[in-house]
Amino acid sequence: MVDFQAILNRIYQDAKAVKDKGVVASYIPELAHVDPEAFGMHLRTSEGEKYGVGDFDKLFSIQSISKVFALSKAMALIGDAIWKRVDVEPSGNPYNFLALLEIENSIPRNPFINSGAIVIADILLSNLKNPKADFLSYVRELAGDSSINYNEEVAYSEKNTGFKNYASANLLKSFNNLENPVDAVLDFYFHQCAIEMSCSQLSKAFYLFANKGSCMQQKQHISNQQVKRINALMLTCGFYDEAGEFAFEVGLPGKSGVGGGIAALLPDQFVISVWSPGLNKKGNSKLGVHALEQFTTKAKLSIF
Ligand code: DON
């Protein structure tokens with residue numbers, strides 16, 4: 001039997017001692033206020049055992065981790081029609097890279113880079129009755145927790161400074177790959193990114209991706225085949241131009257956000273979430289990636 005708590009404790013001690021914890025994101029001004037010393041980690045097995053260390057119950061901005069919830073909802077709503085508008089290839093470029101979009105006729109490489117996620121946001125806007133309320137309800141339902149909310153200050157902060165996302169959305173619109181007005185799509189997108197959750201809430205909300213599409217409440221939201229595809233996309237594209245490195249070091253499908261969170265999973269076994277706000281050069285949590293590498297190495301558990 002692996003002693004998960006002992007492994008997490010060890011990782012926590014090591015993380016606390018690290019001097020260079022990376023750089024907290026500041027291009028969304030509201031995110032810059034976060035304590036760079038915060039560190040939390042939470043593991044939830046498919047049998048319901050829970051292990052946590054540090055700030056695992058503290059809320060943080062999930063940012064791009066929300067793209068996995070958005071993709072799963074869009075897949076549930078319109079299925080394979082998504083793939084006419086977004087591709088499934090790693091981009092090998094930063095999450096906010098624009099040049100490929102024009103070269104490739106405004107079909108984003110994948111649903112996790114910003115341009116791809118903006119197309120998914122457009123799909124949700126067209127297919128949900130009350131997009132912001134319905135999306136929040138979906139995330140709450142997955143986590144089994146009605147306290148989860150948008151942080152309006154963070155959404156507003158990105159609305160005022162998200163120039164690259166405006167550029168990307170305008171390009172998508174010019175190529176007819178957005179159905180709704182640019183402002184409406186970005187308002188939704190900035191809100192989905194501004195959801196706040198803790199590591200323990202993320203471990204619950206990601207349960208369906210480790211358990212064949214059925215959430216903790218035993219409701220089947222997406223098919224087994226759709227989960228296979230989402231996990232493949234997390235593995236190949238979840239960390240942008242660091243996806244290869246993450247697969248190489250950690251060996252789990254996962255998704256990062258510039259709030260410093262990462263959620264990752266081993267199918268049928270567990271979900272593991274980590275939060276450390278300092279980012280590396282690729283915009284992923286510096287200590288978060290390291291902590292997950294330590295975890296899969298010490299526990300000898302990965303998909304490989
Ligand atoms: O669109 C943005 O730039 C942010 N709302 C989300 C980016 C992000 O989280 C990238 N992940 N590491």
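Start at 1 and count along the chain as shown; that gives each residue its number.
Backbone N, Cα and C atoms are what each Cβ position is placed from, and that goes for glycine too.
Curation plays no part in TrEMBL annotations; they are all automatic predictions.
Values in this document were obtained by computation on a predicted structure and should not be read as measured data.
Substrate binding, as stated in TrEMBL, involves Ser64, Asn114, Glu158, Asn165, Tyr240, Val258; the candidate among Tyr51, Tyr138, Tyr189 given for that site is Tyr189.
In this structure, Asn114, Val258 are the binding-site residues from Asn114, Tyr189, Tyr240, Val258 whose C-beta falls under 6 Å of some atom of ligand 1. In sequence order, Tyr95, Phe112, Ala117, Cys193, Lys255, Ser256, Gly257, Val258 constitute the residues six or more apart from Ser64 (substrate binding site) in its chain with CB-CB distances below 8 Å.
Whole-number maximum of the Cα to Cα distances across the substrate-binding residues Ser64, Asn114, Glu158, Asn165, Tyr189, Tyr240, Val258: 20 angstrom. For Tyr189 (substrate binding site), the same-chain residues 6+ apart in sequence whose C-beta sits under 8 angstroms from its C-beta are Ala117, Ile118, Ala121, Asn165.
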